[in-house]
Every structure is written in structure tokens, then in C-alpha cells.
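**Student:** After the C-alpha cells below, expect a handful of questions from me.
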Amino acid sequence: MNLQELLTSVPFYQTYGEIDKDITGITMDSRQIKPGDLFICIKGFETDGHQYITSAIHAGAAAIVAMHHVEMDIPLIVVSDTKRVMAQLASSFYGNPTREVGLIGVTGTNGKTTITYLLDEIFTENKMSTGVIGTIQTKINGKSYGVSNTTPDSVSLNEFFFEMRKEEVQTAMMEVSSHALDQGRVYGLDFDVAVFTNLSQDHLDYHKDMDDYLRAKSLLFAQLGNHYEQGREKYAVVNIDDPASHILIKSTAQPVLTYGVEQGDVHTRNIHMDETGVSFTMITPVGNIQVDSGLMGHFSIYNMLAAAGAAIVRGVQLEVIVAAFSKTKGVPGRLEPVFAGQSFGIVVDYAHTPDSLENVLKTLKDVCEGYVRVIVGCGGDRDAGKRPKMADVAMKFADDVFFTSDNPRSENPENILDDMTGHLKGEFHRITDRKEAIESGIASCRNKDILLIAGKGHETYQEVDGMKLEFDDRKVATQAVKQGRHNK
Ligand SMILES: CC(=O)N[C@H]1[C@@H](OP(=O)(O)OP(=O)(O)OC[C@H]2O[C@@H](n3ccc(=O)[nH]c3=O)[C@H](O)[C@@H]2O)O[C@H](CO)[C@@H](O)[C@@H]1O[C@H](C)C(=O)N[C@@H](C)C(=O)N[C@H](CCC(=O)O)C(=O)O
Ligand SMILES: Nc1ncnc2c1ncn2[C@@H]1O[C@H](COP(=O)(O)OP(=O)(O)OP(=O)(O)O)[C@@H](O)[C@H]1O
Ligand SMILES: N[C@H](CCC[C@H](N)C(=O)O)C(=O)O
Ligand SMILES: [Mg+2]
């Protein structure tokens, strides 16, 4: 594509050198440059992309976008904010694909992955082609791509949407993390629906405080409808039971559909919950309908209401929505049972915040006839303030607690465990090695107990000292049972 033409998507810039030339791609990483690419220098948290201009030129960069002037033999474009400009250039380079794909963005502390999966099932039930971008995978019409972030960078995002448009995807659902919003990864995307799940403590290593975290989330609602076209209505769908929803409602100029258990445009009556799942009557602006689902827990009601709200504003019939809810098998690593022939329950779940851990433990307590035991740790290089709080939740809601390592990343696992347990008074186990902790937890279980293995869900690795080592809670638990480490 012609660089001069591409730059029409950027309002203010200065150029040095001849920009009337073709570029073949866009990248922010000098290690990924292909000859003819435009290299964009990003000031990151670890390093500064401006340091790699020389390597980018050696690798064949056709032009550079930077935040200050540097002497060079290839064209240079100077802008004040390369992150935003990268998002504008990426959208433009790929032909603004999100303007032609119905796009639903889901943000909030917990439930994003689950809601995008439910939406995928609803739109598939509605016989539409779908795309999903999130923590577990990016999926385009059933084909799966690996991920490194819940929300990818703006270039990768637009490339995925370009692929979706080529594949004639009608509806795409994506998780929008607060990091992505803060870093402008989704800047310029044309969302049709923005969904808010809930706000509770997480990521305070990154965000200054809860207000700052909420401010990042509100950017999704502020950007909703920026590309408004006649006949393409935009909606915000928010959880009215969460106090933060009022801020998000104020952040958008678009119509809002609210949901909640007892209040909101979409709400419930006659909830029934047991070990087989939840059922309720769903009250909506387009009629009332019975929902019967195998998903467990009170929080699953919220996830279903959020997904139903987004589907309703996109014109999906209620019958289609509840058919998807009745068929869903849930999401990998979210309340996923492990069946290895044992006489007690083993459940793997991705709860890695105080709120999600509390929800999951309460759900299991409600259905368990024996003891609820939990294996839990906290991630390294992440919000340390979560550590004592998650430990308190485990001690309060479980009958037997095994503290262990999650992904220690660059931190010493013992320090993380000290942060979790230093203030505790009651009895607990502390077993640093996660495999040993799972084996001990399994060995303690009696008939009718439930063992919750929390924090890593679908993850198939454990990140220790910067290395990702193979580790899957589901496989480790299965192996421990098969090796006879449980009470028979
Ligand atoms: C703290 C953070 O969010 N970092 C993200 C950020 O990277 P960064 O700013 O640290 O980048 P950097 O390493 O300093 O590099 C700066 C620039 O130099 C370039 N570079 C670097 C080296 C080189 O040799 N050549 C070169 O060109 C890099 O490509 C980059 O453009 O931008 C990258 C691209 O978008 C992200 O992959 C990266 O996510 C890291 C891996 C991360 O761990 N992020 C987590 C905290 C995160 O974002 N999590 C959220 C969700 C969490 C949730 O679901 O709850 C997510 O969306 O995944
Ligand atoms: N609506 C909800 N409210 C509270 N907790 C929830 C809710 N939905 C799911 N959870 C809990 O949170 C965990 C993570 O769920 P999910 O993966 O759907 O969230 P997420 O927002 O995508 O998380 P992440 O930020 O890591 O991507 C689940 O394993 C479950 O324990
Ligand atoms: N998206 C979350 C995932 C946390 C998962 C947990 N297993 C951990 O490593 O803390 C994060 O990167 O903070
Ligand atoms: Mg997720």
C-alpha cells in the first residue's frame, strides 16, 4: 500500500524523506520486520522501540514512525503518540475491517472469556459465522490461532479482523482487557456492542488504583459509536447490579441495555440452582422465556444475562439464545470437572481474583455433601494486594486449604506464599510445588468431598523464572488419581 495514502488516516504528523512509496506491512517489533515493512517505534514498559531503528533498517524496513526526529536514510514520520497512530494505521492498512464485521467487546474483571464463548454458541446457533478473540484462543469460523495476550496489539487485531472479513464472519466477540484499553490496543475499532461484566480487585500492579482501573474500562464505552453509520445502531450492555455500571453508562452516548438478577431491562425470576446447573425465567424487553442450563453457580446467571443482552440488541430471537444456553458445555478450565474414576469431585477453575475465588467456593459449598478442599496460589509479577485477600477467601469458604504456586514468573515462589499466608491464624497446608500440592489434596479427599484446583484453568504451562514449563492441572490431577494417590 502507498505510504502517503495510508497516512491520510493520521491527522497530524511531520515527514522527512519521500513518503510516496509502497509499504508491504506494519510491525512494532524489529525482530519481525520483513523487507518493505513500516516499523513503528513504541515506548514500552520493558524497553523503547526507538532503540531498534537501526536493526529495523538492517532488516529491510521501508520507513519508520517515531516520536522524535532521528537522522536516517529512509523516510521518517514523526507523531506525538505512536501507540494511537499504530492503531489508526493498522485499521487503515487492513481496510477498516471492523466496520464490516458486527463486533461485540466484553470488558470487566471476571466473566469475559465465558461470555464470549456463550456469545459464540448463541450466534452459531443462529446460523451465523463467528470469530472470537480472547484469553484461550482466537477462533475464526472454527479455526484456532494461538494467543499471547487476552487482547492482542492493534496490528494483530486488525489482521485478525481482516481475516474474519475475508472469511465472511458476521459477528465477532472479543475480550477487551483494561491493559489493552489503557495501551490503545483497541483504539479505532468499530464496536457495535460494549458489554460490562463486573469490577473487583485485580491488576493493581498496573493500574494506580481502582478508579484508574475503572477509567481504563470506561474507554470502551467512550469509544462506542465513534464510527456511527445510519442503520447500524450501537449499544452498551451493562450489569446494573455492579456499582461501577453508573460510571460506564455515563461514559457512552449510545443506548444502554441493563441486566441484573432482580433489576434491569433483562433480569430473572424463579431462580433454581443445584449440582446439575441453573434455571430461571428470563424477563426481557422482547418477552419472557425459561432458561435451563448445565452451567453452575450464581455468577453464571450474570454471564448468561450479559450474553443474552448482547444477543438481543443484535436481533437474535430468545428461543435461539436459550437453545444455546441449554446446549453449552461451558468453557475449558472454568468449573471443569475431572473424571479419573475417583469417588469424590475434582474441579479445575480459573479463579485468580478474590471475587472469583469466593464465587466458585460458594458455588461448590452449596452442592457439596462432604468437605470442600482447595489448592490455590497467586501469580508472580501481578497485583500483590490480591494475595492476602485470596488467602482469606480460601480460609473462609473452604474446609481445607493447600496454598501453593501459581505462575511465579520472575518472583521467588516462597515470597508469594509469605504474602498470602503471613497474616493467617488458622490451620492450612503450604506446599510450594504445585504438583505435590495437587497430589496431597487428592490424597486428603474422602467420598463426597470436592477438590477445587484454582487459578490456572485452561493453562497448559507453569511460568517459572521466565520459562514456560509444561503443566496442566487437569492432567496432573488425572495422573495422581490413576497412580492411586487417593483414598479408595
Ligand atoms: C505490561 C504490558 O501490558 N506489556 C505489553 C506491552 O509490552 P511492552 O510495552 O512491555 O513492550 P516492550 O517489551 O517494552 O517493547 C517495546 C517495543 O519495543 C519493541 N522491540 C522490543 C525488543 C526488540 O528487540 N525489538 C523491538 O522492536 C517491541 O516490539 C515493542 O513494540 O505490549 C505488548 C504488545 O501489545 C504486550 O504483549 C505486552 O504484554 C505483556 C506480555 C503482558 O504480560 N501483559 C499483561 C499484563 C496483559 O496485557 N494482560 C492483559 C489481560 C489480563 C487479563 O485478562 O486479566 C492482556 O490483554 O493480556
Ligand atoms: N460473572 C462472574 N463473576 C464473578 N466471577 C466469575 C464470573 N464469571 C466467571 N467467574 C470466575 O472467574 C474465573 C475467570 O472467568 P473468565 O475466564 O470467564 O473471566 P475473564 O474475565 O475472561 O478473566 P481474564 O481477565 O483472566 O481473562 C472463572 O473461572 C470463575 O471462577
Ligand atoms: N490474565 C491474567 C491471568 C492470570 C492467571 C493466573 N494463573 C496468574 O498467572 O496469575 C493475568 O495475566 O494477570
Ligand atoms: Mg479472559
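Glycine residues also receive a Cβ, built from the backbone N, Cα and C atoms like all the rest.
Please treat TrEMBL annotations as automatic predictions, because they have not gone through curation.
Summarising the annotation, TrEMBL assigns ATP binding site to GLY108, THR109, ASN110, GLY111, LYS112, THR113, THR114. Per TrEMBL, the feature domain 'Mur ligase central' maps to 106-311. The domain 'Mur ligase C-terminal' annotation in TrEMBL covers 333-457. The N6-carboxylysine annotation in TrEMBL covers LYS217. Look at TrEMBL and you will find 406-409 tagged as motif 'Meso-diaminopimelate recognition motif'.
Would you situate these features in the structure and describe their surroundings?
**Tutor:** For LYS112 (ATP binding site), the number of other Cβ atoms no farther than 10 Å from its own Cβ, over all displayed protein chains, is 26.
When averaged over the domain 'Mur ligase C-terminal' (333-457), pLDDT in the model lands at 97.
There are 25 other CB atoms within 10 A of the CB of LYS217 (N6-carboxylysine), with all protein chains counted.
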**Student:** For the recorded ATP site, whose residues are GLY108, THR109, ASN110, GLY111, LYS112, THR113, THR114, find every other residue on that chain with a C-beta no more than 8 angstroms from the centre of their C-beta atoms, and list them by sequence position.
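**Tutor:** Leaving out the recorded residues gives VAL106, ILE115, GLU175, THR197, ASN198, ASN303.
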**Student:** Measuring Cα to Cα, how far is ASN110 (ATP binding site) from LYS217 (N6-carboxylysine) in Å?
**Tutor:** 13
**Student:** Within 10 Å of the Cβ of THR113 (ATP binding site), how many other Cβ atoms can be counted across all chains shown?
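**Tutor:** Other Cβ atoms found within 10 Å: 24.
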**Student:** Which sequence positions outside the motif 'Meso-diaminopimelate recognition motif' (406-409), separated from its termini by at least 6 residues, show Cβ-Cβ distances below 8 Å to it?
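**Tutor:** For the motif 'Meso-diaminopimelate recognition motif' (406-409), the list is 352, 376-382, 416, 434, 455-456, 459, 462-466.
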**Student:** Rounded to an integer, what is the Cα-Cα distance in Å between GLY111 (ATP binding site) and LYS217 (N6-carboxylysine)?
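**Tutor:** About 14 Å separates the two Cα atoms.
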**Student:** Please list residues from the chain of THR114 (ATP binding site) whose Cβ is under 8 angstroms from its Cβ, counting only those at least six apart in sequence.
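**Tutor:** Within the chain, THR114 (ATP binding site) has Cβ neighbours under 8 Å at SER300, ASN303, GLY330, VAL331, ARG334.
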